[in-house]
Amino acid sequence: MEQRAYSTATVREVEQVEIDRVGLALMRRAAAGVAAVARRELIKIRGRVYGARVLILVGGGNNGGDALYAGASLARRGARVLAVSCLGTPHPEGRAALEQAGGRVVGLAELPDQNWDLAIDGILGIGGRPGLPEPVAALAGSLAGQGVPVIAVDLPSGVASDTGAVGDQWIRARRTVTFGARKPCHLVEPGRSATGELTMIDIGLDFTSARPDLIGLDVAGLAARWPYPGRQVDKYARGVVGLDTGSDSYPGAGLLSTLGAVHSGAGMVRFLGPDHPTSLVVAELPNVVLAPGRVQAHVFGCGWGDRPDGARLIKDALDAGTPAVVDADGLRYLPDRLPSSWLLTPHAGELARLLGRDRSEVEANPIAAVRAGAERTGATVLLKGATQLVASPDTGPVWVALPGPSWTAQAGSGDVLAGICGTLLAAGQPAFRAGQLAASLQAYAAARHPGPRPPQDLARMLPETIAELAGLARIGDGRSG
Ligand SMILES: NC(=O)C1=CN([C@@H]2O[C@H](COP(=O)(O)OP(=O)(O)OC[C@H]3O[C@@H](n4cnc5c(N)ncnc54)[C@H](O)[C@@H]3O)[C@@H](O)[C@H]2O)[C@@H](O)CC1
Ligand SMILES: [K+]
């Protein structure tokens, strides 16, 4: 349902409690979990563990210790285990355990050129900085080139635990075995892709009172949280969205954002934009109302270009106390402070402009950037991109949307997304939840209908996607049949 990820500082605090209690036994538990996963992988690859050639990549910290103990366990089952010391001095007790079990530890220069059935990456864990020094980077590249499957311990080395950022080279794991809780890099690209499949092992760490840094969502979580209309609703309870989007230069943005609002289930949609987009909307969507009137959430900014009355439109909505989604060009017309009930939907370039920073800075640490955007504006911010993140101006967690295929990285997707956000705000969802659910719905629709589909086609698939989610939600709460 919810995927909670914890910062390095928090993980260290939680770990310390258990280390104080059980000492090295904690590392042995972690290693036992890694070894069990490695055995399953070897059985899948070659039918048995006995005789398998396993390479252990070892750094100088506890991550290497986990990997060495796991190697010892595999060696005791008859695997031919060789550990290569990549950084620093290998964990002494872990090294002794491996050697006692019949494994060997060599330096990088002595690594024989041979085919490996499996590699275990214990170079760096939560103590790692992004990137791998040469010649470790060369070894990582060569293993990837040979297609050697890698199981990463805790996280793929070369990836920064708290941000998911990478340096020039990093490990791409088939599977990652992590301990007790997710780390931010498991949810945020490029770390997320480098993680591969994630297996979580219980080693007795108690995160129940720890504060998560990120909260992601899986499909079951999206299905459970989507606001389906109840039996006793009218159009106002489902929410009225008022869109003033598009322009004579970009009329399509008006239609796309309206398609997003209509097909994600708004109770009523008013289109209040300029003439050219209005004619497109009318031709396509007879249910859309053109007269002004009661609105429960506004959508501004998609395809505006220059909009001399932009600042006034935004101010009027603010004065009326109505929440709004502000996208794209609308972000140029914001007042100094907004309430957290407003949802801004920038991509990296737009957020960089808002913060007066370089785009590359936003891309290097999107988690920090989205938090800064919320702090700077007072509004809730949905940062679009490879990983879609939502931050509110308080110090709570950053919310992560369900990941989707890259097909949605195309012109017009953001307009549809703004419309979906409008529907959810109008339905009374808090802005952070509206942003997380809207981005997740669009990603899930794209995942269910893969291929190069224009955003208007994907928007038309939202109703069946929501119906599918409603089915999953009924199964989830036992109301099926
Ligand atoms: N604390 C514990 O008892 C437990 C820790 N666990 C494991 O321990 C890991 C954390 O261990 P550590 O804190 O020792 O940290 P790491 O094992 O991640 O390594 C830190 C060491 O690598 C060096 N280093 C970091 N980035 C580098 C880079 N890019 N290039 C070269 N050197 C670099 C650091 O200076 C430091 O010496 C966890 O990820 C987990 O795998 C588990 O065994 C569970 C129990
Ligand atoms: K690792």
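Here the Cβ of each residue, glycine as well, is placed from N, Cα and C on the backbone.
According to TrEMBL, the domain 'YjeF N-terminal' annotation covers 1-211. Taken from TrEMBL, the feature domain 'YjeF C-terminal' covers 218-469. Annotation comment: TrEMBL describes Ala253, Gly303, His347, Asp415 as (6S)-NADPHX binding site. Taken from TrEMBL, the feature AMP binding site applies to Gly414.
For the domain 'YjeF N-terminal' (1-211), the model's average pLDDT works out to 97.
Listed in chain order, the residues near the (6S)-NADPHX site other than Ala253, Gly303, His347, Asp415 are Thr245, Tyr250, Leu256, Ser257, Gly301, Cys302, Asp327, Ala328, Ala411, Gly412, Gly414, Ala418, each with its Cβ within 8 Å of the site Cβ centroid. Spanning the listed (6S)-NADPHX site, residues Ala253, Gly303, His347, Asp415 have a farthest Cα to Cα distance of 16 Å. Within the same chain, residues at least 6 positions away in sequence whose Cβ sits under 8 Å from that of Gly303 ((6S)-NADPHX binding site) are Thr245, Gly246, Ser247, Ser249, Tyr250, Pro251, Gly252, Ala253, Gly254, Ser257, Pro277, Ala328, Asp329, Asp415.
In sequence order, Cys302, Asp327, Ala328, Thr345, His347, Lys384 constitute the residues six or more apart from the residue listed as 'AMP binding site' in its chain with CB-CB distances below 8 Å.
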